[in-house]
Amino acid sequence: MRARNYFVGAAFALLAAGMGHSAVAEDIKIGEINSYSLLPSFTEPYRKGWQLAVEEINASGGINGKKLVVVSKDDGGKPADAQTAANELVSSEGVAMLTGTFLSNIGLAVSDFANQKKVFFLAAEPLTDAVTWAKGNKYTFRLRPSNYMQAAMLVEAASKLPAKRWATIAPNYEYGQSAVAVFKKLMSEKRPDIQWVDEQWPPQGKIDAGPVVQAVAQANPEAILNVTFGPDLVKLVREGNTRGLFKGREVVSFLTGEPEYLDPLKDETPEGWIVTGYPWYSIKTPEHDAFLKAYQAKYNDYPRLGSIVGYQTIKAAAAILTKAGSTDTDKMIAAAEGLSMPSPFGEITFRKIDHQSTLGAFVGKTAQKDGKGVMVDSSYKKGADYLPSDAEVEKLRPKD
Amino acid sequence: MSVAPPLLAVEGLTKSYGGIHAVRGVSFSLRSGEILALIGPNGAGKSTCFDMLNGQNTPDSGHVRLLGEETTGKKPRDIWRMGVGRTFQITATFATMTVRENVQVALISHGKQLFNLWGSAPDVDRAEAGRLLELVGMGGYADRPCGELAYGDLKRLELAVALANDPKLLLMDEPTAGMAPRERVELMRLTAQIAKEKSIGVLFTEHDMDVVFEHADRIIVLNRGTLIAEGSPAEVRGNPQVQAIYLGEGLLYEAGHREGASA
Amino acid sequence: MAFYVVQFLTGLASAASLFLVASGLSIIFGVTRIVNFAHGAFYMIGAYIAFTLTERFSGAFGFWGGVVAAALAVALIGVLVEMVLLRRIYHAPELFQLLGTFGLTLMVEDLVVLIWGPDDLVGRRAPGFKGAVDFFGQNIPSYDLFLIVLGPVVLGILWLLFQRTRWGVLVRAATQDRDMVAALGVNQKWLFTSVFAVGVFLAALGGALQIPRDAVHHAMDLRIIVEVFVVVVIGGLGSIVGAFVAAVLVSELNAFGILIFPKISIILVFLVMAVVLIVRPWGLFGKPEAAARKTPGLTVNPWRPLTSNERLASLAALVIAAMLPLFAGNYALTVGSEIAIFVIFAVSLHFLMSVGGLASFGHAAYFGLGAYGVAFLAKMAGLPMIVCLLLGPLLGCMGAAVFGFFAVQLSGVYFAMLTLAFAQIVWSIAFQWVSVTGGDNGILGVWPASWAASPSHFYWLALGVAALVTIALRIAVFSPFGYALRATRDSVLRSEAVGINAKRIQWTAFVIAGTTAGIGGALFAYLKGSVFPDNLGISLSVDALVMVLLGGVETVSGGVVGAIVYKALNIWLVSQTDLSKLVLGGFIVLIVVVFPKGIVGMLEILAQRRRKSSPPGSSLLAKPIESAE
């Protein structure tokens, strides 16, 4: 019996250890959660991005004179663990707001937590439209352009292609499914003459690329929509290149121009895909130059899109806190709604109507340069231009 | 008015594997309180025959009846419920449970308490389990983990377990295999004593002819799947066919006999 | 027509690497009976090392030499692991090795990121096999053709190795009957080490050969390990030919399945595995296992209920736990609730696994079903919390009744794999049936009613239910039913011979365990306010196994202690470090080596030693045995 007491005691000791710290009164704490151990290729640059932002903010006097501190937690890619982390950040660390998350389901889980516990949540990366629309709530804001926005950007280019026979390849989960659904819907509106001849749904992370490529080739589409990313994309591209799937076919692809996914392809990078992404090497604006210089000086590495997301998330959080002049949740919401701020991609605004930021994305074409994948002919698409009308958004979003 | 059926009646039991008759047309019967030995050389079909009695094997044709009730085609557990206890050639016990718990499991099953989720099993039939253990001389071992027992003690435990459902018939497959000669005699003496007291019929297979001739009331002899002799130990010993079969083993038998006699 | 031929050949190419990895796993299991969870990790390290070597050394020799050298290097690592870790735990309770190899896998996942960085790596294409071959207008990658040839070649080499060498004969004999080989005076240590090395070599080779097709990244292991288990089980454990046929079967099903049901590949292999296991439990080419013999040297202390002193102490512990809200903050209370819920989950598996001897690899299915049950009732039917809590677990109960019926027809690792298959099927349904379950975005907004909303109230609720469940299951362990269940675990032969319908007893235990897990899941849904397919996923099932094994599978209290230690440590580590997998994996490996009987098992041994040194007169039996814990 002694044994059991001991372990119960030990467990409590562990718990108590977690409750030990309390915030220094002068600091403002922000809680940050992301899938660090599951998705290091995205989250490492992301972490560097927000660390740079914290450094810059504190160097220029902090938030209304108070020092900004970010407390960061790993969710291991599990929604339940993300909620544990969120709870720790709110209850035990006493953070003013929650930020971060990558996966859509984790974004939704934390958003629901925020709604329940009345905590401000700034979602950084999760793309699902549900975060701001179907399951949107008053406490949740999002930085990155949503699935819908990226689809709309791609459709703008895709609808100009002569291709009529389209096939889709997307990972078999909510992100893939809704990306395809929105793309199809918007595309069919602009081009009623289009036929959808095949769809492939490889399990996320487990694509059996050979058969998928072969099956798509058999349907003989004129154009292909791809939504896979990461290791799945690598396999798809390699098999597609070898089997000649992309020869003579247009390919439109979500996210592929982001350095996280484009760089590993090296000399396998396919030519001429229409993609969304982040061509950091060819953005020539003062805002971006400043960011790039600072980032390279600090890390001796080039930024990925994750760096931008991490950087801007904390910058946005700081802007909201500064304007609110308080860590009161309602005041922060009031401050955030309609708030405009600079970003490396130019000025962005958090819309009052659905709490979506107007951060945009770059659309361009893939190309190879010195055995490396790059985006060429890219142009920045402002997020504000690719959102549905306010009336439609009103219908999509539940009333607070 | 008809005559009461015998305890065990076996009729024309037949089983073949791939065209080879393992057991062919075997018939015999067994009365309450009688101790019947089933013997025969290796491969004679003893085990097949035995397994068809206890339900582990189904005959191609023939009948096994217990007090007139058909048991062929029934599962071992159902045959047990009809009042047949059994022991195994290689002991099968619940190794991680204590000796008493082993017996209690059988008593719980007999009392149809198997799906009782609320009672306190250590208290179920504790006295009865103790009594059974005393009966087989294991009273002092009740709290020992079964896995620690010597082989001879395991055999005695099996006997106690086999007696838990107040059986009418005991089926014992080589009950003394792997035991020292002295233990063999003790175990069979004990078995015979219990069988007579409780009027239990006992059918056992055995290699050791000392055990067979000393304890069996009656012996049946199998060879190549058929029954070739049946009778009292004296009759079977004198049967020329049996002698012919056991000729090769005769020397062994003599040697074993002498050893047993001197013990 | 050409298309179908090419699709078939593509399937064959995928089968080749699957076969390499699966054959290694099969050999290892056949001889050592180790369920090598780390097999995927070796596959991954093989790919990483091959990447490094082929990047550094150019040319054909550099590439092929690099691939082989990588596999050899990993085989060496395998030998090291076998000698340092596994050798110490061959005599530990069954499946304890799973815990050790699981710990290794966790460590490796973090280590490769530390060594090779977070980015996905894309290696070189194989010299001489870069292009494609035209086949009536269809392109077949020449590397695929190479793999198609390689598969049968490796099969042939293995066949020769097993049929024509003394080593092979020994391996086959050991696969058939381990005890016999030991009796023949064969040096088992050497045999096991060499078998492990060969198995790991094959896994690493499979990984290294992926370089020209795949990206090398830190989640490769999980991607392959489950599929490999499926292949090995379908083919028949220990059968190389079976592994080959099953690899081809699975790959072809994939290749052609996507033509008809593009969305089904996620579930197809598990459906096939479930069907195979139900129809032919020992796999296509496996042989029915000889009646299981207990591992020699394995003795379990008899279990006994708590003495009255121990009961008082337990009560005291419970009271202390109930006083947590007096001095702890909200976060600690929420963590406490989570631990209490995992105690429920762990004791439910413990009941099935320790008492019933049935190690489920898919226990999260019933936990998750309970959670989804609550979510459906609360969100769709709008029922109040108390009703949902009472009715939600019934979904777990129903799932356990259906799946358990089939699962208990099997035993040992086949039982484990069938439960895994069922869990994956349930997971796939939750994942795919978006209109009902919300897919991977889950069901949100399942928050507790106001009476249970505050962290302290919810904590008391979770603690109370956990205490009730633990007590109820303890009562069940020492009930007549519990005795019968242990009897079926110890000897099915003997239990049938004393009138016990073993399958029905086990089925009942399965339903009890499933329902209990469902209770945990129901509370979990309210704790988190949401339900996701994760709640029925493999990793949660593995967590449950780890908790039971960590606590001690041969003890009565292993589930409770294992859950508290593992969960508390896990939450704490995840919160404290990004290398939580490395630290947790290291901790598990350490536990495995130092406490091969689990934490409670180790405490029992310590207590016994102490008692032995105590003065004579206090006999072993007169004093309460620690195993009663």
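Quick reminder: no glycine exception, Cβ is built from N, Cα and C everywhere.
Taken from TrEMBL as is:
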TRANSMEM  C:6-27  transmembrane segment
TRANSMEM  C:34-51  transmembrane segment
TRANSMEM  C:63-86  transmembrane segment
TRANSMEM  C:98-117  transmembrane segment
TRANSMEM  C:145-162  transmembrane segment
TRANSMEM  C:224-249  transmembrane segment
TRANSMEM  C:256-279  transmembrane segment
TRANSMEM  C:340-361  transmembrane segment
TRANSMEM  C:381-406  transmembrane segment
TRANSMEM  C:458-485  transmembrane segment
TRANSMEM  C:505-527  transmembrane segment
TRANSMEM  C:582-603  transmembrane segment
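With pairs at least 6 apart in sequence, the transmembrane segment (C:145-162) and the transmembrane segment (C:98-117) have fewer than 3 Cβ pairs within the 8 Å limit; the two do not touch. Residues of the same chain lying 6 or more positions beyond the ends of the transmembrane segment (C:256-279) and with a Cβ under 8 Å from any Cβ of it are 7, 11, 227, 230, 233-234, 249-250, 406, 409-410, 414, 417-418, 420-422, 424-425, 428-429, 431-432. Sequence-distant contacts of the transmembrane segment (C:381-406), counting only residues of its own chain at least 6 positions beyond either end whose CB sits under 8 Å from a CB of the stretch, comprise 274, 278, 365-367, 369-375, 418-419, 422, 426, 448-449, 451-452, 506-507, 510-511, 513-519, 521-523, 525-526.
In summary, the transmembrane segment (C:505-527) does not lie against the transmembrane segment (C:6-27): fewer than three C-beta pairs, each 6 or more positions apart in sequence, are under 8 Å. Same-chain neighbours of the transmembrane segment (C:34-51): 21, 24-25, 28, 66-67, 69-71, 73-74, 77-78, 81, 86, 95, 97-98, 101-102, 104-105, 108-109, 112, 115-116, 121, 123, 196, 199-200, 203-208, 210-211, 214, 216, 218, 220-225, 228, 413, 416, counting only residues six or more beyond its ends whose CB sits under 8 Å from a CB of the stretch. The transmembrane segment (C:340-361) makes contact with the transmembrane segment (C:458-485): 3 or more of their CB pairs lie within 8 A, with pairs spaced 6 or more apart in sequence.
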